[in-house]
Amino acid sequence: QGYQEQGILFGYRPPRSSATDCLLSAFQMTNETLNIWTHFLPAWYFVWTLVGRLRGPGGPEDPQAWPLLAYLLTCCIYPLASSCAHTFSTMSSRARHICYFFDYAALSMYSLGSALAYSAYVFPLEWVGTTFHHCYVPVAVLNTIVSTSLSCYSRFLELERPLLSKASRTLAFVYPYVFDSIPLFVRLYHCARGGCPDGSILLHCSHTCWAFLTCFIFATHLPERWAPGTFDYIGHSHQVFHICGILGTHFQMEAILLDMAERQSQVLLPSCLQTLCSLGVCVATSLAVIGICSASLRPGPEPLHR
């Protein structure tokens, strides 16, 4: 029961698989194969982008680049964590939960990376230096901790209260996104009223559209809800969710790079220490949450493969 997905009838891998079997399953056609590759391959694109920034101009020696580097690092981590979670989630029920604990924590870290980049490069110029601007990153850190805790806790509700589990997990990721995007929404609103000289607005609009589509696909389980068994291997919602999320991240990254180039001398940048401290606090807290949740897992009987 803990392995079954709504609308997915076939293609499940055997429970209690070994680590080797899990790795080999990435090269076999199961209902998880494209889930693995739709995040594993894009992760290396973001790694390539990060390495290029580290080696080229505007690397770690440039204090203005630290928020961007932190953001790019989280862009690398969250698809890799997701790919690993989908790969090794059939080793045991306990391993499945722990894999997704790390997946949720990585996604929450990505929301913090977005907030760091938005604070440095995307904020409306009239908001730079305001109280909200100074509180923006600390609140994003708190949101990241709450998001990791709530999403991990939602796994304990899956079997007995699946609707509450789904709602909690969706809220855990939607709320940080909405808060992080407040500065962006303000800029988009000003553009809608007229007077929009920024070249990054179209990219930000593309990112926003893909983000809303990602949330919609995740919440609705379409298209497999309409035709159970038809999209078991190719085309089910989680694969579409992965692709939409990666495309949204790509457009977000391009928009941030353009904003960084156009508005570099007009924004208030956080120091290297502030950036590293924000990431460090969230990493330490997320690991503590994962440890507590992992220790709280109850041992139970493993499902039999049919």
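Cβ from N, Cα, C; glycine included.
Lifted from TrEMBL, the feature list:
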TRANSMEM  68-88  transmembrane segment
BINDING   His86, His238, His242  Zn(2+) binding site
TRANSMEM  100-123  transmembrane segment
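Annotated features, which come from TrEMBL, shown on the structure.
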residue : record              : contacts (Cβ under 8 Å, 6+ apart)
His86   : Zn(2+) binding site : Glu32, Asn35, Ile36, His39
His238  : Zn(2+) binding site : Glu5, Asn35
His242  : Zn(2+) binding site : Leu34, Asn35, Thr38, His39, Ser82
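Neighbouring residues of the recorded Zn(2+) site, listed in sequence order and excluding His86, His238, His242, comprise Glu32, Leu34, Asn35, Ile36, Thr38, His39, Ser82, Gln239, Phe241 (Cβ within 8 Å of the Cβ centroid).
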